[in-house]
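Undergrad: Below you'll find the structure I mean.
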Amino acid sequence: MGDERPHYYGKHGTPQKYDPTFKGPIYNRGCTDVICCVFLLLAIVGYVAVGIIAWTHGDPRKVIYPTDSRGEFCGQKGTKNENKPYLFYFNIVKCASPLVLLEFQCPTPQICVEKCPDRYLTYLNARSSRDFEYYKQFCVPGFKDNKGVAEVLRDGDCPAVLIPSKPLARRCFPAIHAHKGVLMVGNETTYEDGHGSRKNITDLVEGAKKANGVLEARQLAMRIFEDYTVSWYWIIIGLVIAMAMSLLFIILLRFLAGIMVWVMIIMVILVLGYGIFHCYMEYSRLRGEAGSDVSLVDLGFQTDFRVYLHLRQTWLAFMIILSILEVIIILLLIFLRKRILIAIALIKEASRAVGYVMCSLLYPLVTFFLLCLCIAYWASTAVFLSTSNEAVYKIFDDSSCSLTAKTCTPETFPSSNESRLCPNARCQFAFYGGESGYHRALLGLQIFNAFMFFWLANFVLALGQVTLAGAFASYYWALRKPDDLPAFPLFSAFGRALRYHTGSLAFGALILAIVQIIRVILEYLDQRLKAAENKFAKCLMTCLKCCFWCLEKFIKFLNRNAYIMIAIYGTNFCTSARNAFFLLMRNIIRVAVLDKVTDFLFLLGKLLIVGSVGILAFFFFTHRIRIVQDTAPPLNYYWVPILTVIVGSYLIAHGFFSVYGMCVDTLFLCFLEDLERNDGSAERPYFMSSTLKKLLNKTNKKAAES
């Protein structure tokens, strides 16, 4: 370090000087960034007010239940449509896109019905047959057969034709499919005349071919839901196993850090090696089978993902990906083997710190609970805001009426001048909207809702980081460990963070939230510009998204280290961020190598846990474990519970290792501070443990020899 000081210290701030009274996190501290604390409290009050306004005006039933032409909900309990859960469209051809059916009203009459039509009938043929009673349930409520055919169809009292339909999102979609280029309605057998017939209905192409894609997605979603219903308890068991493995791994690190790290590295290499071997065996097994040589491009997207497992190209792709990962990990281990030894010593020290502050492993549950509250409040407010519009009625006419699309009132429209000017016009529900100031401000309120979610979520994460950093810093700066460690260090750090540094946490979270909301807006603009052919705009948007992504990563890194300095010294956010940044820059080589090596080792630990649980889930759900072969549930897609277990296992492992990661980062910054404050002499002894002292002496000796 002696040779580095003249080079670094002038450029990157002044190092901390020796202070005989410094014993770790300062207890005699004052409030920091009070203005930001006030702004946060005012923003929370405003956020609560927005929530109250949204809950007053909003109606989530608009999301759950479809709405007929009169603005009444279908299938809602306590209404006259309670037993009519489905929405039927008189002329679905006028709904060119499925999104129109799901979000807005089509320019055609809609009524609530008990069930979707299951046969093909025309009004003209049904009127003179015994099927007329069946047909009348799809006419407007209160329909009376006292008009001629032309008048009934002109006034929109009944649909001109019934088409076999299936319910989708409580709406009736035509049940049609293509057969040799001809659209088939329902089955090939018609119910009108009892004979097999085909109906080439070209007018339904626009509405139906897009709806079929939605129907396939719905079918996929239903199969996935069925898989969850029969496998949810096995998924929970898999997540419990992942939690037990993570906890066991953490406990073993406490006593066998060095051995565990090397075992972890070897196990990850073996797990990836087995994955490569399994992919090769499947690739070889499919050789010569019919259809196995079809390429993924030619096959295209299939809702049944099991089809891909019968292709040799799929297993070849898996094998290449795993091989690349295996080679990368082995090369990193070869070139970073010396740094891994240093990282192991740091992990050993972190294991001791976590061992003396064991309750820190439970703190992620607090963070998880607070984040769930933020997500629940944001989601409910967003739903109520999106459903707080009023019903808007407009004039619809098949002819070229000049009043078409103008607003109207259903109760007074039949006797109004508009009705006399356009006899064929109808006043029906169009969409939910409004012209008041509140309705015009809805978009801004939604943006404010998203911004507050980011701010509060980042604040919760910042609170967890400062709390853990304060607890682990108390361990490091205890000269005689663990005798000098204060009682309840985690609770003390939590209390200091809330009492003195709420403003600083709010400041750091605010900066990050601003960048994140800008990224959301850029994503929204990018979606809007996708249809445009302006290459310059697309290039500019890509550059902006990349820049703000990098900025967000840098701010997260800076905030994390600033929170550590806040936990130790109690300074404001800007001062802490500057001191942390300069401290890291003065030791940039150690930061770039040592700190990132520990992150790499923790990543391997996560991969080991996730890979082990994932392989166990794969063998179980594919009925390959003979002992419990009959216990595994039958599934449509066995990858559904497997992916769920893998993702859940990663989140659980990440929660445990995040405590270790914060501990390592805190001890690392304290280690750098200790090197600058003290020199290891009797007058200025190091606070680091004997393990780190040996490591430091060994490093200095090698540097002197070189």
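Note: Cβ is positioned from N, Cα and C throughout, glycine not excepted.
Pulled the feature table from TrEMBL, pasting it below:
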TRANSMEM  34-55  transmembrane segment
TRANSMEM  232-252  transmembrane segment
TRANSMEM  259-277  transmembrane segment
TRANSMEM  315-336  transmembrane segment
TRANSMEM  356-379  transmembrane segment
TRANSMEM  452-479  transmembrane segment
TRANSMEM  500-522  transmembrane segment
TRANSMEM  562-585  transmembrane segment
TRANSMEM  597-621  transmembrane segment
TRANSMEM  637-657  transmembrane segment
Undergrad: Find the member of 259-277, 356-379, 637-657 that has more C-beta pairs under 8 Å to the transmembrane segment (315-336) than any other listed stretch.
TA: 259-277
Undergrad: Mark yes when the transmembrane segment (34-55) and the transmembrane segment (500-522) have three or more Cβ pairs under 8 Å (sequence separation 6 or more) and no when they do not.
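TA: Checked: the transmembrane segment (500-522) vs the transmembrane segment (34-55), in contact.
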Undergrad: If I count Cβ-Cβ pairs under 8 A between the transmembrane segment (597-621) and each of 34-55, 232-252, 259-277, 562-585, which range comes out on top?
TA: 259-277
Undergrad: Using a Cβ-Cβ cut-off of under 8 Å, list the residues of the same chain that are 6+ residues beyond the ends of the transmembrane segment (562-585) and lie near it.
TA: 8, 11-13, 15, 24-26, 29-30, 32-33, 36, 462, 465-467, 469-470, 473, 477, 493, 496-497, 500-501, 503-505, 507-508, 591, 665-666, 669-670, 672-673, 676
Undergrad: Under 8 Å for C-beta pairs, could you tell me which stretch among 259-277, 356-379, 637-657 has the largest tally with the transmembrane segment (232-252)?
TA: 637-657
